[in-house]
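Each remark here refers to the structure printed beneath this line.
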């Protein structure tokens, strides 16, 4: 087995045992175990699936390669997949987002020890290098060898952001071409790492990804970005296996994106800066679901919120919700806290950063770190970066002012806080598990393409979370159901209903 | 020409002139004219369409039969359709919703007089009987005779609730059958009136509706209920012409339904009862767009709001927005104000009404008057109805308590207030006009079926309302547009985006 | 008896019977009676006082001269005072605020007729002239003659704004001086009327007010303005009898001012203009209790609210509550709706009015009509005033723009709506009645001075309103009460506690 | 010098140098220095005082003994007092609330080192024992010896909770009595420590506190609890020096208590549990300023909030703000999160704790740990306490359920988060400094008694915080000022105004 992490040679030992390095600390695993237990209480959807499907083992025989922030909540997801019969390997989808105690607990398992872990292989730790990150992503595809000694890959991908899916698709593409392109000028540092990974792979096993792709029955993906990539792949005829777009389940996009951010944006601001939001002028770029949750949270803390939008419909929504809607450059000098929530690039330019007030806070909850022009800031002559604490940096600008940049422009709700809370993730992950079940058990109904979950399953996800909140659902009488032309058990709405 | 209003014989004279009776009062028309002028200021979308399309007269040659609440805002709509070249006739779609001054102003026109009206024929007044209502609805289909003396019908229907569309479809159905069914037990009073209208029509002109339907190019419909009927007609292969579902434009459903109700529900409560909402316990049945707007308005006035839902997704949204979600019967004794916003029938039963507190207020903003079991209440032995003022009735119940019922269980935001405000109606009506333009100018692109407006037009509606609110839209750079894979001019979102 | 209303000669007849003119319409009285019955349900504080004190008739022998908006709610107050034994005469304290049906019902009484009214003398109608207003105010002091034929005056004043108190104090002052000053340049139209009234009084009875003042045991006053006058009188040694400042009961100032306006400001805007508040930019001058209620209501309707303040503490509160705090002139061009809530004069100057957007709405909920420079507007050459409907005027300005002025710059929640709702008025009026009881039954404890009600009574007012809202109060255990050093029955807070 | 900390012998060395032990870590001090610099930006009031008063050194010659949470914000306060000329010694007023990096930075000073600290003596670290806490509190009174070798005490106390003041008063009392009482049954553990401290003091120096009290010019106190003690002392004639009640400055009580908690309650919940507040049912005991801020914050996060109150006025406010007002026992089974904000004792009883749902969260932001019956819980047979992480404990109850108790029932916004944010503390601390200035420079105006700051100073505190928030204050014209009878420069309100 070849492992490509020159910067982390000591890793080899643990990998031989099929587990990640952090497991060495049993106390860490025990702390994680406590947190997982509390999280289970907040993840009623996943626990209900364990109860409903556990006895039937519908995922038996499935090998799931998971690439998703390795948090306490993900631990509950992983253990749910296991409870339904799957074999699972896991990496994080972000270099900063792993909670080491969660990773440790998953690896050790409930009754394991550091020496004899009994859990699930996890390749993730907080603060990976890019090289480590992509090394870890490769590990989730390696399910050992079969009786004949042939390498065994996953039957399923569970993805967040699409990195695992990307690796397979690019691997297949380069294997078909017989070579991996050379680094080109303008390639990002990360892309260069990916190319290097695939170059090494091609050198050591020229059919690795092609062989792997054949065994993969499908992927379930939960981010806007990852889903966007999937639709593009499908549009271009390059999608290799069916995909379920979990992101656009109502119980994902209107919950995780909105209510999750409502929770985790102020949490991240607090942990990073302890700054009072009340009375401050906060600018939120974008009024999609993430922007809506952001604005709501900040208003709830007494901030004056100004919003920008490029879509006139969303802009009108923001106005109707009582927010000033302005262009960033028009009010830049008034802003105390600047939040990006767009999913686009270069939304906050270097010019914007230079026009901010002294010690204005800059935070991204939208997308990649290119939402803010971090590259421009890093290249700015005379700019100085001072670490106040991890993931909080003061940038002293040549104009004599400073700004505070959170999580180096990456998702601050993950970098400065603990991401979305368990309850929200329960909704998202219940969608993930239901999507895995669809692909695993109804393979014939899903030819290659990108699908959203049937509305009835979306409603089921919601339904599984009501009891925990004390919500009592009203039931349609048969006559009422007939009156509005639906089944009393649902689905209740036309497909295009917007919630 | 035969007119079927035995109860209103004096009407004939006016109808010969093609105008409604209320016009006799010029002062009323002048008051309406003032209000229309103020409303124009609040309806920037319609005014922008006049400016953009007026010179090109794209609706020239179109004859539009309109059935929609005859309010001040509708007056601006009618005059916009006229400004784009259309010939228009109008009736209200609700017996209580006409604002007489608006009707009078539209009929008289800007320079007309009572004797020589120069406006648009309108057949509507506040407080019609059912017979008058359906008489008036018939009038909008009668565009006189052509050069050959043949009756001329509309080329287009602009509908709200689907009554005009119903009349055509039932007329055609019964003309094909050669007879109108006899009244059946259980038929509502209104349905009996419709049957009588069609019986008379069949007797006097057995091909009237069949002939009319052939000349109709399409219908644009803006209510959930009306749209639901259209989809059913189409599903059953009975739809006679293409239909545009204006209701499901984002700028209609997420604005009119939500923000319109947020405005007009408390307005109706105030005008009807002057009762303090602050501190009261209010129960809102349904958390769709109308329910969301209701709950938001009531919370904004300091009420404690409890919500009921049958759809687990909407129920979860209500919980996440901080509302208690309960079944009506479980908290019935705590409720001061009961609001229905479901679009279903019999949501508030007679048992519920009997369990309410003394002088609890019952109001419907959802749908027909069967949302509350008004029929059951009216049939209740020992119940007594006392008119406090028009559209506000105290019902003394046999249990010794009273309840206050607004607008006799019909839409109270229309019956007790003035409906949605101009700005909201501007968005809805700009959709209506754009839909009429689509059907009038791109007939070939719309074979028989039910369509929503293209997203780009939906965005256009929003765009036309931004300046008036001081909203400054941010523009995508070409590079940003490419990054997210859209045209810089829009549309900006995938079809299933939920806003 | 001389009556000084040349414009209303027919009044004499009714006055001989001791009742106001409007009573001629029994239907009006019956409509008022219905509304009073519904209002009683919303005024639990007053109804509880009737129950508690009615049997003891603590106000027997008291003659109360009331000057307070003659609304349905005031009818419940008047009848509560009567139920406690008082003899009562009433006038409104505002020329526009009378609800004629309420006045009629009070005059007729529950079993009376127009010919034989059995109620309370009321001298008020909607739309009085200034002459009529001050004529009416005089009538409340005239309780006929005693057995000896001597004129009998009130023992108590119940005041709102201080006009009744002013008349007595000025009457006494001028009687002492022996003459009433001549009109001076700069005297307001109203002041000239007051002087004329007192001149006539002095001529016909030179000791009228001096004699009257001796019989008055005290006054209870509920407005900021009226209270301010009382403190000034007392500071200057001119106060003639003790006064209870009802305005500064917590259950008045923090309820009526804040929650009352939260209700009645949007109500007035709706009835006057039907304009959508959502998405609009609204400027609120002043962030006292009235301003707080205003801003809260408007935000609750989705408006963007900007606030101005002169007091840095209130300004900081506004900022902490998430509002932009700006000077009016700095944002004047962005404002759709301008609301004054300050209690000061000339807060909106003519320059401000001229800088507003076309058809901006101007509304006062603070104080007198001088809060907005209406005098300046009226004197502006080229300005034209067009009545859209009663209390709604478009002012066409020389700059080509128009503005909409509500209630001619007077309190629009009274002029365009029905004032505060019953529940809020119940709290205020329960304070009034308790204050009347204090002065009537504990005269010795109140030497001349201005007093607030004891905190225990303030708490009692609140307590009497809890059941109606379903509020369950927690009770202090004796040990807990001792721990915080209070009586378990209250009062619970130190005097300077701010709520 | 005698030091009474048997449990911490190694402390002696540092104390000889007059500094606390944590200083040994220079990196810690540097981290604290960074945070202090950022905090200064958020504490404009203190920075403005340095600018205004620094040149005049009005506190020169004053020796201030400070007992207040040793946080980053307090560091800015301490350095402000120093900048105004004072000599300062500091301890924390809570065993958990010290931020060690702040303490270290204050001790080291800007240019000092661990070996040669140049800052202010601080005796505080996170996680003190009760013995350590009271030892540290003693140290702040020890300003060395004078030229004559006599011990020198403080001239001023700056207190938070009153522990420093208590020590002096009890010391004086026992010195007068000549003995310290023996421990009594029912004495709390803490009280026993205090008695032991004073016993040792009396033994070693029988006039220590009596002498000290003579040199103390006054105390400024900022908590409800501490102020309550002061009023009681004064009422009983036992107060030894004048006291300024900083707690009841508007800019303290209505800001710190309300807006501070609005910030720090959800922050503490997040850091402790990461639990989603949205959709949860939260019960807030008490609707004073702290309760108001709590309820507002939780609603802002989408929780359903239920409130309890013992004061009918506050209860009515809660209802008017839209909250259900209930007794804890009536809804105990629905609660997910239970927050105490009362300032009373035993508000949450053991019975309440036992009736809570599994894994319900219990948090105190009100007062001492006796607000929740922690003693009862600790004594409950069969209850088991499991540390999830520091300050977060799962209590397994004999009924099979668990509850999560934060900060062991102490103030969780301090124990689980970082307390109030800098901006809020700037308002509170600016009051503290102004109060210290009053006592230091206008001693004659403050005979022994308890005072609030003059309103003009209260307004000044607000004024100093406006610029930082971009607030533009409107100025009264002289005529307007006269109209409302105030000075254009303030104060603007009557004393009893409630804000």
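Here the Cβ of each residue, glycine as well, is placed from N, Cα and C on the backbone.
What TrEMBL says about this one:
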BINDING   B:71, B:160, B:222, B:252, B:256  substrate binding site
BINDING   B:223-225, B:257, B:286-293, B:309, B:314, B:344, B:413, B:420  NAD(+) binding site
DOMAIN    B:257-419  domain 'S-adenosyl-L-homocysteine hydrolase NAD binding'
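The most densely surrounded of the binding-site residues B:288, B:291 is B:291 (count of other Cβ atoms within 10 A of its Cβ). Across the fold, the C-alpha of residue B:71 (substrate binding site) and the C-alpha of residue B:413 (NAD(+) binding site) stand 13 Å from each other.
Averaged across the domain 'S-adenosyl-L-homocysteine hydrolase NAD binding' (B:257-419), pLDDT for the predicted model comes to 97. Using a 10 Å radius centred on the Cβ of residue B:160 (substrate binding site) and all shown protein chains, the other Cβ atoms total 25. For the pair formed by residue B:223 (NAD(+) binding site) and residue B:160 (substrate binding site), distance between Cα atoms is given as 6 Å, rounded to the nearest Å. In this structure, the CA atom of residue B:252 (substrate binding site) is 14 Å away from the CA atom of residue B:288 (NAD(+) binding site). Contacts of residue B:256 (substrate binding site) defined by a Cβ separation under 8 A and a same-chain sequence distance of 6+ are given as B:222, B:420, B:424, B:425, B:427, B:428, in order along the sequence. Using residue B:160 (substrate binding site) as the reference Cα, a 10 A cut-off selects none from the binding-site residues B:257, B:288, B:291, B:309, B:413. Local packing around the Cβ, expressed as the count of other Cβ atoms within 10 angstroms, is greatest for B:309 among the binding-site residues B:222, B:309.
With an 8 Å limit on C-beta distances, the binding-site residues from B:71, B:222, B:223, B:256, B:291, B:309 that reach chain A are B:309. Around residue B:413 (NAD(+) binding site), the same-chain residues at least 6 positions away in sequence with a Cβ under 8 Å from its Cβ are B:260, B:261, B:264, B:265, B:267, B:268, B:365, B:419, B:420.
Among B:71, B:160, B:222, B:252, B:256, the residues given in the record as binding substrate, the maximal Cα to Cα distance rounds to 18 Å. DSSP assigns residue B:288 (NAD(+) binding site) to coil, not to a helix or a strand. Every protein chain considered, the tally of other Cβ atoms within 10 Å of the Cβ of residue B:257 (NAD(+) binding site) stands at 24. Secondary structure at residue B:71 (substrate binding site), taken from DSSP and collapsed to helix, strand or coil, is coil.
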